[in-house]
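Engineer: Pasting a structure below so you can have a look.
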Amino acid sequence: MNMQESKSIIEVNGVSKFFGEKTALDHVTLNVKKGEFVTILGPSGCGKTTLLRLIAGFQTASEGEIKISGKEITQTPPHKRPVNTVFQKYALFPHLNVYDNIAFGLKLKKMPKQTIEKKVKAALKMVGMTDYEYRDVDSLSGGQQQRVAIARAIVNEPEVLLLDEPLAALDLKMRKDMQMELKEMHKSLGITFVYVTHDQEEALTLSDTIVVMSEGRIQQIGTPIDIYNEPINSFVADFIGESNILNGVMIHDKLVCFCNTEFECVDEGFGENMPVDVVIRPEDLYIFPVSEAAQLTGVVQSSVFKGVHYEMTVLCNGYEFLVQDYHHFEVGALVGLLVKPFDIHIMKKERVCNTFEGKLIDETHVEFLGCNFECAPVTGIEAGSEVKVEVGFDNVILQDNEEDGALTGEVKFILYKGDHYHLTVLSDWDENVFVDTNDVWDDGDRVGITIPPDGIRVIKN
């Protein structure tokens with residue numbers, strides 16, 4: 001990449017977007033280099049499409065600024081920005097044929113007819129639709145319509161091409177074919193692509209750089225290899241591919257304990273006996289008949305053939321491990337597992353308990369999350385004082401019936417930790433409550449939340 005290409009063509013600085021009281025984007029900062037293929041990846045509702053629409057100009061940022069090629073364009077209307085957008089639903093004009101759909105923007109610019117014809121034919125060639133220029137768009141397949149939409153976008157020679165889940169409506173084979181075509185197209189055009197998707201495999205296949213988002217914030221930015229091999233937190237590790245994510249304790253540098261067993265690793269710089277999250281990819285676990293080489297022994301709980309490998313669940317010391325291997329082991333088989341030090345990834349925990357701001361009502365009552373909770377007797381703190389409240393993840397109890405809870409909320413994120421689930425519940429007070437439970441809940445479940453008095457720790461601010 002030369003010096004010119006290494007410059008940022010898109011600069012998003014401290015951008016937030018509010019819809020009433022809802023925060024769709026929370027102080028997002030992102031630089032996109034000229035000529036890059038950048039994918040913004042995340043689950044539904046994470047803010048990825050909102051960010052794309054702000055860059056395109058279809059919405060306006062509530063805070064912060066956006067620059068393209070060094071020019072501040074936060075308030076600039078879409079048609080005056082050097083970008084074009086390809087939408088999931090194509091947005092083709094049904095009354096125009098393929099040629100006229102692609103030529104539409106050029107005609108608005110009042111370009112000479114010969115110039116328009118030359119540009120349209122070049123765009124059609126680029127997307128492999130040379131013989132389709134006079135076809136009605138309604139007669140085309142989904143993949144062909146998507147090619148026309150892309151041709152219409154690139155014919156204007158934008159500095160940046162924005163793509164909002166453009167392959168989501170296609171079947172699996174067509175999607176994979178179009179992925180490779182998009183990659184080749186990006187290479188040929190040399191312009192900057194910013195691509196939005198929730199499909200992890202798509203992001204890993206297409207991108208120079210992946211931007212992982214959750215809850216309106218950027219979680220991690222990196223190359224596909226970096227994102228996959230070195231996830232920054234448990235959300236990224238869980239969202240990008242399959243992972244075994246377990247609670248562990250860093251004994252000291254290069255030695256970690258999880259699943260009641262000590263393992264050598266390559267990580268260092270953590271405090272002694274520090275709680276950590278341990279990530280092991282299923283393909284990095286070796287499975288074999290029990291022998292002295294086994295670090296763990298367990299029983300195969302399930303085995304499914306996936307075409308190129310078997311995916312097995314193995315129960316070891318009360319913990320479930322997902323294993324991918326070319327060798328097949330029957331359900332019920334006693335097996336050994338081994339993982340090499342460089343395949344164990346250690347992450348600092350984002351938190352070790354729930355922490356809330358609160359107010360001490362009296363020695364046995366504290367207010368937080370908009371509710372008055374009974375707590376164990378508090379001494380040394382005056383009533384009415386602002387306090388910090390700590391609640392262990394396993395001290396939060398979820399109820400099926402919302403009315404049985406002191407407050408209510410919605411399950412937003414579920415992470416399996418080998419022997420329990422770690423849940424993120426967005427309370428109706430608009431604060432996250434983190435819960436460890438053996439009960440099975442679904443994303444989107446409405447729940448009641450209770451906390452027993454002995455599960456609440458009140459600390460003086």
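For all residues, glycine too, the Cβ spot is worked out from N, Cα and C.
Under the heading domain 'ABC transporter', Swiss-Prot lists 10-240, citing sequence analysis as support. Per Swiss-Prot, ATP binding site is recorded for Gly42, Pro43, Ser44, Gly45, Cys46, Gly47, Lys48, Thr49, and the stated evidence type is sequence analysis.
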Engineer: With DSSP assignments reduced to helix, strand and coil, which class does Thr49 (ATP binding site) get?
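Structural biologist: In three-state terms, Thr49 (ATP binding site) counts as helix.
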Engineer: So for Cys46 (ATP binding site), how many other CB atoms are inside 10 Å of its CB?
Structural biologist: 23
Engineer: To see if you understand the setup: which same-chain residues, six or more apart in sequence, place their Cβ under 8 Å from that of Gly47 (ATP binding site)?
Structural biologist: Lys17, Ala24, Leu25, Asp26, Val28, Met213, Glu215, Gly216, Arg217
Engineer: List the other residues in this chain whose Cβ sits within 8 Å of the Cβ centroid of the ATP site residues Gly42, Pro43, Ser44, Gly45, Cys46, Gly47, Lys48, Thr49, in sequence order.
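Structural biologist: Other same-chain residues with Cβ inside the cutoff are His198, Met213, Ser214.
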Engineer: Just how many other Cβ atoms lie inside 10 Å of the Cβ on Gly45 (ATP binding site)?
Structural biologist: 15
Engineer: Which of the listed binding-site residues (Ser44, Thr49) has the least company, meaning the fewest other Cβ atoms within 10 Å of its Cβ?
Structural biologist: Ser44
Engineer: Measure the Cβ-based neighbour count of Gly42 (ATP binding site), defined as the other Cβ atoms within 10 Å of its Cβ.
Structural biologist: 26
